[in-house]
């Protein structure tokens, strides 16, 4: 099991990586803001452009934000993690043999 | 058809103050959404409009940021075992139907009584629904706190769960078995409210708690799935007509993805009734704020003849109160989270010293 220190260390590296990509993406958007706004507002099949763009940003920027909170030590309550582990631990495959009727 | 709408004038120039304002409101709105499952839209849309963004672009850009934010929040809360995906999808699809009905109602009112009539209808819906539901949720939150903080399934939900009406559905996530005919109306109501006041969660979350019988924690997390389904559908429609200003969407998203994850983390430190408490507080302040906007529309319809200066200051106060509602919600969340963390640390230290 990873300690809080290990998680923080990993999160710091990840936040730097995702942060750099996120900043790059935002810089690109604002550098090419005018052509982007024009292209994205064409409508019709172009409606997929804003949708796919926000999916990309939510992955990159979402991971950046998540790692920043972890790196700062802001994580879910330990009791929430315990509850979840307990829930998962209770899930057991029923492998008992059963009587079946073959026609 | 969309080519008709292609006109650059609807996209505003952005100032640094405007960008910072949207980032900050995005963060606070995200924090509240991550915690109670919805919220933020009621400030963001008028906030963008106050920066000169036309109404449809503000609604479209706000909706385009809503579904990725809800996705990130739902994934985070899923990790904590709080999301019922099946319930979220079923209510989300029912809500899409509700949105379509709500749009038809809005169109009818707009044709009959014009823009002022439509605005008056929206404000009256805001006040009526939020005061009714908000007071009920607040009363329940106070009662739950007094009884030790443990939530109980309502008698109505127990009764509905006991009725065997085809098709019955089993929701393993929330451990509930209930007929489709009792879940669909919750989605319809959420969709109707979303098409009217843009915050469907104010009907969806209480509906899931009091009618279906989910816990506040599960209902608020599942609402994020509903928001994702509704937001994605709505965005595709708005984007089809070329109404999304991607710059505005991405600025709000930059703040809200930080906020929504912090809000999700916050839910692990609080008892369920705190979610109800935050939701009810926001609902009641927002209802009061929208009440202050009603005289403006009554004057436009020539029903009232109040002084223009007074009506203008009431409208400004109304927007200020909406921001205040969001601020109060964020304050309660952060305070509860800080106190929860402090308590956990104390317990961990005490456990350490006992070893």
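A Cβ is built for glycine as well, from the same backbone N, Cα and C atoms used for every other residue.
Caution: TrEMBL annotation is automatic and unverified by curators.
Among the ranges B:163-187, B:188-212, the one that TrEMBL lists as transmembrane segment is B:188-212.
According to TrEMBL, the feature transmembrane segment maps to residues B:224-244, out of the candidate ranges B:140-160, B:224-244.
Where the transmembrane segment (B:20-44) meets the stretches B:120-138, B:224-244, B:250-270, B:318-338, the count of C-beta pairs under 8 angstroms peaks at B:250-270. Sequence-distant contacts of the transmembrane segment (B:250-270) (same chain, six or more residues past either end, CB-CB distance under 8 Å): 14, 19, 22-36, 40, 44, 61-62, 65, 68-70, 72-73, 76-77, 80, 82, 217, 220-221, 333-334, 336-337, 339-341, 344.
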